[in-house]
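Scroll down for the structure; my scribbles are underneath it.
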């Protein structure tokens with residue numbers, strides 16, 4: 001089977017949800033691709049005050065994206081930093097934890113189980129939402145103990161995935177990103193990027209890649225992968241003299257924190273199958289055009305997917321898997337400003353970054 005199908009799979013997996021602070025809609029579609037390698041998480045209430053959303057764009061295979069969709073939010077919850085109110089640090093640790101968990105006999109077994117489940121059912125299962133209601137994903141008692149077995153020396157998967165997640169607690173928004181999936185917020189109709197696309201040609205990324213012994217060819221690390229950060233891809237993380245954040249390819253996420261206000265309209269998380277076809281502002285404008293006329297937020301997402309789908313595979317753009325989550329904030333947001341002293345202290349410790357989204361007040365935790 002080639003990279004593309006003869007006709008696109010346009011069936012969509014969509015869902016909507018709502019609580020007293022926000023509502024969301026999402027949709028995913030395989031499109032022209034021969035396999036569906038996107039995955040996502042949408043959890044309205046991982047605790048009484050906190051929602052979690054994530055998109056994961058797999059490459060070289062699909063199991064790492066599925067693994068992240070199933071386990072990343074669990075590791076956020078399990079973190080001591082999370083208990084202390086430091087959502088950014090909790091997310092930061094969880095990204096690295098994904099690589100650790102996918103090693104050894106236990107990691108091999110979990111990846112095999114996800115792969116078997118995927119292979120036995122149609123490709124649309126790739127968009128499955130892992131939630132406390134639909135799986136055991138809220139079980140925090142598994143300490144991921146070491147297992148003996150024939151795959152005890154398994155170093156990790158050769159395939160990988162981007163990860164872009166948004167954690168909303170009251171009026172605090174924390175975005176963690178590794179790769180080229182993207183998170184965008186609409187404030188008074190203006191699009192602001194809350195993540196940066198990690199590409200090898202970026203100066204800081206290029207410097208790290210070269211120092212780790214890698215090279216860049218045709219915009220790809222070692223001529224292979226067109227991302228500079230991702231979860232998985234163990235073959236690019238083999239320098240034993242370097243820490244995980246210094247490897248030529250790293251899971252190290254950018255962490256950005258935003259104080260939400262009543263000017264904030266909605267939040268979008270999407271894989272590059274969307275961003276290759278529309279700029280951040282174009283997508284925000286498109287959503288504003290349809291959000292008040294469609295019956296649900298997922299219907300808006302479906303419109304976006306249809307808008308991006310190419311009529312043929314000749315042009316390249318519009319031929320990728322597509323996944324999008326749309327989160328709309330309920331007003332007034334100001335009434336949600338119930339931040340504990342521990343949470344405020346954690347946020348205050350994050351330095352303000354000099355970034356391309358600086359017109360909106362963002363605190364950025366350095367990941368270089």
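Counting starts with 1 at the first residue shown.
Here the Cβ of each residue, glycine as well, is placed from N, Cα and C on the backbone.
Listed in Swiss-Prot for this protein:
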- 23-329: domain 'PPM-type phosphatase' (DOMAIN)
- 57, 58: Mn(2+) 1 binding site (BINDING)
- 57, 272, 320: Mn(2+) 2 binding site (BINDING)
- 336-368: region 'Disordered' (REGION)
- 356-368: compositional bias 'Basic and acidic residues' (COMPBIAS)
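Everything Swiss-Prot records as a feature, shown here on the structure.
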residue	record	contacts (Cβ under 8 Å, 6+ apart)
57	Mn(2+) 1 binding site	37, 38, 65, 161, 162, 179, 180, 181, 271, 272, 273, 321, 323
58	Mn(2+) 1 binding site	37, 38, 39, 64, 65, 66, 159, 160, 161
320	Mn(2+) 2 binding site	31, 32, 33, 271, 272, 273, 276
Ask   = Excluding 57, 272, 320, which residues of the same chain place their Cβ within 8 Å of the centroid of the Cβ atoms of the recorded Mn(2+) 2 site?
value = 38, 162, 180, 181, 271, 273, 274, 275, 276, 321, 322
Task = Kindly state the mean pLDDT of the domain 'PPM-type phosphatase' (23-329) in the predicted structure.
result = 91
Inquiry  = I'd like the Cβ neighbour count for residue 272 (Mn(2+) 2 binding site), meaning other Cβ atoms within 10 Å of its Cβ, all protein chains included.
reply    = 22
